[in-house]
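> Structure incoming, see below.
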Amino acid sequence: MMLTRRSFLGQSPLALLGAGLSTPFLITAAQAAPQAGDAPLKIRDLYDKGAVLSPRARALDGTRIAISGFMAPPLKADAAFFVLTKMPMATCPFCEPGVEWPDTILPVYSKRRVDVIPFNVPIEARGVLRLSEFIDPETGFWSIIRLEDARYARS
Amino acid sequence: MNKLFTASVLALATASTAFAQDLPQAGSTWFTDGQATIETMLAKQANTGRALNVILFVADGNGVASNYMNRMWAGQQEGGMGDDYVQPFEAFPELALVKTYNINAQTPDSAPTAGAMNTGVKQRFNLINLGENAVHDDCSTVAGNELTLFSELMTQAGKSVGAVTSARLTHATPAAVYAKTANRNWEDAVPEGCTAQKDIASQLVDAMKAGTLDVALGGGARYFVPEGTETPNGGQGGRADGVNLVEMAREAGIDIIADKAELDALDGSKPVLGLIADSHAAYEADRAETEPSLADMTKRAIELLSTNENGFYLEVESGRVDHANHATNAKRAMIDGKAFADAVAMADEMTDDADTLIIVTADHEHAIAMNGYCGRGTPIDGLCFDVAQTGILHTDEPVLAADGKPYTVVGYLNGASSVLVEQEDGTFAAPDGRPDLTQEQAQDIDYTQQVLIPKDSESHSGVDVALYAKGPWAHLFDGTVEQNYIFHVMDYAVNAGE
Ligand SMILES: [Zn+2]
């Protein structure tokens with residue numbers, strides 16, 4: 001099955017995480033935390049060039065954030081999981097290797113079954129940003145960054 | 001009557017020639033620039049020498065409209081209005097329009113188009129370098145239909161061969177330099193039972209071992225490394241057959257590099273396989289400093305290839321203008337367009353017009369077009385601003401459509417960013433009309449243009465592409481030509497017409 005075959009980034013997530021961690025923390029959580037009235041984060045705020053996690057993403061680990069993007073067509077019906085993409089993507093953005101650079105997505109885990117929003121409608125998701133290695137037992141989906149306990153709506 | 005008419009036309013013609021400088025517009029810079037261009041054209045001389053080197057630049061999916069967008073972007077980045085900017089290759093003396101259709105496709109794909117340039121004949125949709133009787137996806141039609149490649153002819157002539165790309169090295173455009181395949185997607189595997197050809201990555205290493213390819217720089221490392229094995233870039237290999245082509249290449253005496261530092265450090269004594277990314281290289285907008293740019297790779301390839309005194313053939317592809325256009329993300333397309341122009345400028349600077357034929361073209365256009373009517377200096381990456389009544393620069397008012405909403409200069413006809421949204425009942429509609437749009441949103445690097453027809457991915461189009469050329473026999477490019485003609489000029493130029 002496609003899901004178990006592809007890791008989230010199509011490259012070693014551990015290597016990626018390591019590359020990120022070797023950079024000193026430049027921003028503290030307090031500085032990076034969203035203030036009331038702040039515009040939502042964008043997916044690109046989570047990555048630096050070369051598809052490594054940004055200091056900002058690492059500083060926000062474990063905090064509740066708001067982030068804008070699009071809902072990729074869910075991989076699996078009735079799951080509590082979808083992939084947030086930075087641009088509208090009509091097909092699973094990581095199922096065909098190399099079509100897209102991997103710093104274009106953020107996996108989102110919601111409390112309830114995902115209510116599908118068409119892939120070309122801008123949405124805003126809110127949840128807890130989590131940076132750690134995780135293999136979804138249900139889908140085999142491997143990620144090192146994701147949004148947990150999330151809610152989402154059309155923006 | 002007839003005689004009189006002729007006489008007066010003659011008189012007029014004489015007058016305009018004799019007294020052009022006396023016309024009321026004669027003091028205008030437009031007028032004097034036009035006159036200066038006449039002088040440039042009159043001074044043009046055909047180069048009928050033998051081409052020692054041939055460099056074929058292909059910006060994938062960069063037809064006339066895409067190229068216009070790139071010109072505007074590059075010019076505006078330098079603080080100008082864009083229209084009057086001249087991209088390096090736009091100053092080349094020779095120009096043709098190229099018809100890009102495939103044997104069985106009005107709308108071409110990148111495989112047969114690159115194949116046409118590398119073999120001299122049009123090919124069928126989605127296959128590479130097989131004759132007209134081959135059938136896409138049918139391995140049984142490979143045998144007997146393999147065409148001879150320009151790279152093979154150049155090798156016979158004692159020249160070196162290079163392929164440089166910002167896409168995967170196994171992707172259609174670079175593959176056409178060295179591979180013959182019934183399916184462009186057989187990048188790291190062929191169907192079970194298919195023995196008439198190998199996968200494209202294997203063909204690349206075979207070509208390097210055979211000496212028909214000496215320098216290959218681009219992405220696609222995972223197609224050269226087995227599943228479970230690390231790629232030179234620290235990623236994961238993807239080959240299901242367990243074959244480690246990187247190891248095989250190394251054992252055959254081929255240097256492997258994975259980033260800019262390693263590329264710079266090469267001593268040039270061996271053939272080079274550069275795998276700078278696991279899949280495609282980064283978009284120029286997202287490229288890390290450790291990854292070489294297209295100009296970096298072009299420079300290094302020319303340095304390495306020009307150690308052969310018999311000359312070289314080099315194909316350079318900017319692969320990601322195409323990908324950004326497919327994503328209807330015009331901004332990344334134009335930024336990669338500038339990176340392409342920088343690579344052309346680099347090659348032009350490093351070579352001599354007397355002995356090097358440089359061709360700059362695209363393989364096909366996209367379903368891209370420009371909206372109007374925008375005033376001068378309207379940012380090409382944003383909304384269309386109105387034409388000013390006085391002065392030159394656009395007004396501060398965006399042009400509004402009949403729905404009262406602004407729109408971007410760059411548009412696509414189809415793609416994932418359709419204004420039509422799938423409704424609960426499965427129909428597509430836009431109940432609230434087109435989304436409203438600010439200049440800030442439109443100029444965002446991740447903005448995707450509003451399009452009408454909903455599709456997974458924006459499509460190519462069959463519209464002509466431009467071709468710019470300089471060097472030996474470049475003047476054979478003129479008028480509207482077929483894409484396979486490009487091969488014939490390259491071949492004629494290296495043989496000096498013999
Ligand atoms: Zn394409």
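Every residue gets a Cβ built from N, Cα and C, even glycine.
Pulled these from TrEMBL:
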SIGNAL    B:1-20  signal peptide
BINDING   B:ASP60, B:HIS171, B:THR173, B:GLU317  Mg(2+) binding site
BINDING   B:ASP60, B:ASP322, B:HIS326, B:ASP363, B:HIS364, B:HIS460  Zn(2+) binding site
ACT_SITE  B:SER110  active site, phosphoserine intermediate
> Using other CB atoms within 10 angstroms as the count, which residue among the binding-site residues B:HIS364, B:HIS460 scores least?
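Sparsest of the binding-site residues B:HIS364, B:HIS460 by Cβ contacts within 10 Å: B:HIS460.
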> How would DSSP class B:HIS364 (Zn(2+) binding site) in three states?
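B:HIS364 (Zn(2+) binding site) sits in coil per DSSP, no helix or strand.
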> Suppose we screen the binding-site residues B:HIS171, B:ASP322, B:ASP363 by Cβ distance to ligand 1 with a cut-off under 6 Å; which survive, in sequence order?
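With ligand 1 as the reference and 6 Å as the Cβ limit, the list reads B:ASP322.
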> At the level of the C-alpha atoms, what whole-angstrom distance separates B:GLU317 (Mg(2+) binding site) and B:HIS326 (Zn(2+) binding site)?
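B:GLU317 (Mg(2+) binding site) and B:HIS326 (Zn(2+) binding site) have their Cα atoms 17 Å apart.
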> If you skip the near sequence neighbours and keep only those at least six away, which residues in the chain come within under 8 angstroms of B:THR173 (Mg(2+) binding site), Cβ to Cβ?
B:VAL58, B:ASP60, B:SER110, B:ALA114, B:THR165, B:ALA167, B:GLU315, B:GLU317, B:GLY319, B:ASP363
> What's the number of neighbouring CB atoms sitting within 10 A of the CB on B:ASP60 (Mg(2+) binding site)?
29
> Pick out which of the binding-site residues B:HIS171, B:HIS326 has the most other Cβ atoms within 10 Å of its own Cβ.
B:HIS171
> Please report the Cα separation of B:HIS364 (Zn(2+) binding site) and B:HIS171 (Mg(2+) binding site) in Å, rounded to an integer.
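Their Cα atoms are separated by 15 Å.
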> Is B:SER110 (active site, phosphoserine intermediate) helix, strand or coil when read with DSSP?
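Its secondary structure by DSSP: helix.
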